[in-house]
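Q: Could you have a look at this structure, given as structure tokens, before my questions?
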């Protein structure tokens, strides 16, 4: 037994390990010595018991060969239950002074230290090293990632249910622009068609398409043939333009792609917008000179290009996208009736193929954009409703930099703590076996002049009200307010220097503050780095256009058809968005709304309106 104690004491003396858990025992021992000065025999017995506790604690210390820690890592382990004692689970401290030991055979060793205070017990696991290696830091990182993945799985399970509830906000956000577009188209068509000239032109076009009253069969055949041919030509143009866009994006010809998109936007805003502007001036009987007209159209076109393809306020960008949809819908609605119905039907069928089939051009475009983690390079209306935190690449890079800054090597070359009013009580006790253990308890009452020097020898002090935290402890304390709150009179935390070791150990309040600040910093970093944003709903401008074409064609007949078709389109879009939330994949937005709209239009025009006329002629009121 005595030989084991001698070997352990020599090991302690060689590596200068001092277990803080014994400080509490020594403190109690000193109190016993001060209170019972006359009982020397009892003091010797207490000393023997304390020395035995020292030997047992040193014997139970974990000696681990860890291949170098040059990172300073703090992370919180979630155990699933609350503990009454405040504990800092893992603090990895790398001390270069300890790495200069002559004995390299041990490599590194670990000892558990416990510091007892009046209100709490703080467990500190201190790891020393004498060689530099990245392997352990990678292991620590993988361990943290594993814990975070488990937490993310739990969070996903918790947030999976309310996601469908919050999905209603995105549905409403996409219904607003669709309704605005259709209302503007209806108002424009009703205003234009109310004039005498436009009414006469509409009658002449309808008579030409009907083929005259003489031969109704040949007129019907010609009308169907013309509508089919026009629809196929229009579909061929759509397929060609979509294929060109996919090829340009697939081969990363982004300049050509955006030049093409900008050219079409200028054509829509400048030419179609200018022509519609002339019609409105004629309808309102307003005069305008050509110079002012050109300036207005030019500013409108260039402003649209800037807002759509560059930076602009969100509402302005969405306003220009709605304007483009309105312009296209107004001109497509001027096509003959059966050509319009044929185009809407064929485009709806093609939309199913383009989005859902494996070889569809739109599906290829979507999959390519997802693989590259990029937005689809097209004029697409984005609902931009993110439930949770908005996430972008800049925030990702900043969070990664912050996470890398958390892993900083803690090099303490020199720690000098000067105390003006220090009361030192030194008690030297001799064991009966002849082994001498010197236990020193240093009680610091006033810490007025503390100085912590970094590895370059530069001093960090608080002068002229400027407080700079130690650079070796980056994320313990986040700002000056927390530094002042958890610091002594000069702005630095109250640390104590462990005897025979260059290890900083804080008192109870300082350690509690460090634990709370570190845990809150880690939790905020985890939430910023691992919280993924909710995907927003994006609807192509083509969907806006064809919805508006359908309701615009209905507006050229009766106001009753406008309301019924409007309800049918919104119902189809709503069902499509519900399916989008269920299947969680890209779905075509045209088929359900267009099919419902066409069916409701003919039912309203052939049945409901005739029924309303019948009730009105017979003066039957329901």
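Numbering starts at 1 and runs along the chain as displayed.
Every residue gets a Cβ built from N, Cα and C, even glycine.
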Q: State, for residue 251 and residue 616, whether Swiss-Prot gives them the same topological domain name and hence the same side of the membrane.
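A: Yes, same side.
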Q: Looking at 228-248, 375-395, 396-416, 417-437, which one is transmembrane segment according to Swiss-Prot?
A: 228-248
Q: According to Swiss-Prot, which stretch among 169-189, 190-210, 442-462 corresponds to the feature transmembrane segment?
A: 169-189
Q: Please identify the range among 122-142, 143-163, 290-310 that Swiss-Prot labels transmembrane segment.
A: 290-310
Q: Using the alpha carbons only, what distance in Å do you get between residue 351 (active site) and residue 543 (active site) once rounded?
A: 10
Q: Can you count the other CB atoms that lie within 10 A of the CB of residue 351 (active site)?
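A: Result for residue 351 (active site): 23 other Cβ atoms within 10 Å.
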Q: With Cβ-Cβ distances below 8 Å as the criterion, list the same-chain residues six or more beyond the ends of the topological domain 'Cytoplasmic' (610-622) that contact it, or say none.
A: 560
Q: So which residues does the transmembrane segment (563-583) touch in its own chain, when a touch means Cβ under 8 Å and the partner is 6 or more beyond its ends?
A: 164, 167, 170-171, 174-175, 178-179, 182, 537, 547, 550-551, 554, 589, 592-597, 599-601, 603-604, 608
Q: In sequence order, which same-chain residues at least six apart have a C-beta under 8 angstroms from residue 543 (active site)?
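A: In sequence order, the residues whose Cβ lies under 8 Å from that of residue 543 (active site) (at least 6 apart) are 589, 590.
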Q: Could you put numbers on the helix, strand and coil content of the topological domain 'Cytoplasmic' (249-265), residue by residue per DSSP?
A: 14 helix, 0 strand, 3 coil
